[in-house]
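Per Swiss-Prot, active site, proton donor is recorded for CYS360, and the stated evidence type is similarity to another entry. Residues or ranges marked as pyridoxal 5'-phosphate binding site in Swiss-Prot (evidence: similarity to another entry): SER200, GLY237, GLU274, PRO275, GLY276, ARG277, TYR389. Annotation source Swiss-Prot lists substrate binding site at TYR331, ASP332, ASP361, citing similarity to another entry. Summarising the annotation, Swiss-Prot assigns N6-(pyridoxal phosphate)lysine to LYS69. For SER303, the entry in Swiss-Prot reads phosphoserine. Taken from Swiss-Prot, the feature S-nitrosocysteine applies to CYS360.
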Amino acid sequence: MGSFTKEEFDCHILDEGFTAKDILDQKINEVSSSDDKDAFYVADLGDVLKKHLRWLKALPRVTPFYAVKCNDSRAIVSTLAAIGTGFDCASKTEIQLVQGLGVPPERIIYANPCKQVSQIKYAASNGVQMMTFDSEIELMKVARAHPKAKLVLRIATDDSKAVCRLSVKFGATLKTSRLLLERAKELNIDVIGVSFHVGSGCTDPETFVQAVSDARCVFDMGTEVGFSMYLLDIGGGFPGSEDTKLKFEEITSVINPALDKYFPSDSGVRIIAEPGRYYVASAFTLAVNIIAKKTVWKEQTGSDDEDESNEQTLMYYVNDGVYGSFNCILYDHAHVKALLQKRPKPDEKYYSSSIWGPTCDGLDRIVERCSLPEMHVGDWMLFENMGAYTVAAASTFNGFQRPNIYYVMSRSMWQLMKQIQSHGFPPEVEEQDVGTLPMSCAQESGMDRHPAACASASINV
């Protein structure tokens, strides 16, 4: 396992009843009298560990290989390395990141079917053998650059019901798969298994069933050609937050019977997956500050109703946008919802509003239309479930810097992390079994404890 110490990055250890949202409020309070109200994240590493415990319970036969592309923050990768996950890397840089944390090459799959030759050679020189392919050209490249590679054939799936489709770009058909297996045999390249990806944000769990069935067909083809395949990679597509129509356990309740049917536990086949957003989406909350505001009045409609004819629309400009953290709107089809850092008054009027990023691009719009009470420059908005495909793809367009990330973890989760590193996972440990132990959050975190921040009632967004 990789090492994990809170000294590697600034991770605040939290007291019982002191949550990530309390730290978020505390950070806001710290800059309340300053003009430097930069956007920032609070990321709960304990949430990542809880997701892992949930995974072990829901998919006991499937070893997760975290998709580094989803969120390559060093703290995230360190946490997952420490608890023993594998890693799905798509480039030399991602392999360097993971191996730099002490992860052995056998816990890495180079899961990019279309690789640059120099990066194939890098994988070879650093002991990374598992890698995917879906074409004859890729086979020939690997045969020359990494003849000892252990190849995994990526097959296409029906991803028509996924939010982000992948099978248009990647994956071999069943017909092509046989030809590729025969060609691999001719080239004396070892094919050890099959992989697929049903698309990011899968909305139909039955897609997994068909994909597992297709994988079984390809395994049988491999046997006929002369390969002894022993690895099935079921890819990603698992939800990472609770605001999705399809819940994680709804998917796993369909996957497990399919695996038992087509790849029973005594078949000798190792099963892995490539979850990304599942592990990190809900761990990150983004706080943005309103830097500008504009009021737009609707045109007169001729109505006698003054409220209708003069209703105002409010435009808010905040200090992060689609060129930064909210690139997920453009590239990941995300629909984000602004929450209020301060609780509105019960009788407060709400207005039609829109939220815009800070750049000079007219496309930099975060929310086209929402209903919010009137807010002011200097007020804060919060966006939950912002850990997936946000920080990893953020740019500094127009000179706007990426938000800082403040990492937190409860004392009990920290203790569990250390126990896992020393002795492995405790028997029968489950997500709901993890409580919290009292200690001084100020002592552990090095921050002043604000009474208001430690009151759970103050967190209403």
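Every residue gets a Cβ built from N, Cα and C, even glycine.
Swiss-Prot feature annotations superimposed on the structure.
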residue : record                              : Cβ contacts under 8 Å, 6 or more apart
LYS69   : N6-(pyridoxal phosphate)lysine      : ASP88, ALA90, GLU94, GLY276, ALA392
GLU274  : pyridoxal 5'-phosphate binding site : PRO64, PHE65, TYR66, ALA67, ASP88, ILE109, ALA111, HIS197, ASP233, GLY235, GLY236
PRO275  : pyridoxal 5'-phosphate binding site : TRP55, PRO64, TYR66, ALA67, GLY236, PHE238
TYR331  : substrate binding site              : TYR389, ALA393
CYS360  : active site, proton donor           : ASN398
ASP361  : substrate binding site              : TYR323, PHE397, ASN398
*Quick one: of GLY276, ARG277, ASP332, TYR389, which of the binding-site residues has the smallest count of other CB atoms within 10 A?*
ASP332
*Please report the DSSP secondary structure of LYS69 (N6-(pyridoxal phosphate)lysine), reduced to three states.*
helix
*substrate binding residues TYR331, ASP332, ASP361: largest Cα-Cα distance, in Å and rounded to whole number*: 19
_If I take the alpha carbons of ARG277 (pyridoxal 5'-phosphate binding site) and ASP332 (substrate binding site), what is the distance between them in whole Å?_
11
_Rounded distance in angstrom between the Cα atoms of GLY237 (pyridoxal 5'-phosphate binding site) and ASP332 (substrate binding site)_ = 12
*Once the chains shown are all counted, how many other Cβ atoms turn up within 10 Å of the Cβ of GLY237 (pyridoxal 5'-phosphate binding site)?*
32
